[in-house]
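This report concerns only the one structure given below.
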Amino acid sequence: PIAGSMVLAAILLKLGGYGMIRIIQILPSSKTDMFIPFITLSLWGAVLANLTCLQQTDLKSLIAYSSISHMGLVVAAISIQTQWSLSGAMALMIAHGFTSSALFCLANTSYERTHTRILILTRGFHNILPMTTTWWLLSNLMNIATPPMMNFTSEFLILSSLFNWCPTTIILLSLSILITSIYSLHIFLSTQMGPTLLNTQTEPAHSREHLLMTLHIIPLILLSMKPELVM
């Protein structure tokens, strides 16, 4: 069920990161070196999860792997134990909670009309549901951390913290950000552009779907205007 995926991505997945933040506070802050394996594996795992996203043909699986890649950045940031990295990790968990939940909601919007999650079969929605295309565009822009969204603020804090800790990490971080932009653009073009393959009449977008997306986008925009509330 799509509701389960939304709750899993927005709340349950982030509880693990929040638990790490709480546990890390009781450990000596000078023992950052003991977390080097975790930082390395989390960054490498984020890159591999992003590469897996490029191979996915199932829309729901693609969004799920996207959540895994973002949590890799969160784990790396928490392990460094600096003020900037912890603030960035907390902000990214909240921002990506809204973003991934919105993407799952949009994926269900497409599934209810096409009864498939295969990307190549869900194309052409720009001509059928133009307002939904706007929601897709905003959600993908948030997913790639476009300014001035809180996603950008959080990823900038994490990137700065990791680069200050070890400049070599910029290689994996840059690769992860690049691949995220590629598959986010791939999602948008695959679902919205091109000729539609639907032969039956498609029902228009419901007000409940627009309300759901509004309740995802507006709070994130408001938090982006005042990010110190969660950092």
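Just so it is clear, glycine is given a Cβ too, placed from its N, Cα and C backbone atoms.
In Swiss-Prot this protein carries:
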- 1-21: transmembrane segment (TRANSMEM)
- 34-54: transmembrane segment (TRANSMEM)
- 62-82: transmembrane segment (TRANSMEM)
- 86-106: transmembrane segment (TRANSMEM)
- 118-138: transmembrane segment (TRANSMEM)
- 169-189: transmembrane segment (TRANSMEM)
- 211-231: transmembrane segment (TRANSMEM)
Best-contacting stretch, by C-beta pairs under 8 Å, relative to the transmembrane segment (1-21) and drawn from 34-54, 86-106, 169-189:
86-106
Counting Cβ pairs under 8 Å to the transmembrane segment (86-106), which of 34-54, 169-189, 211-231 comes out on top?
211-231
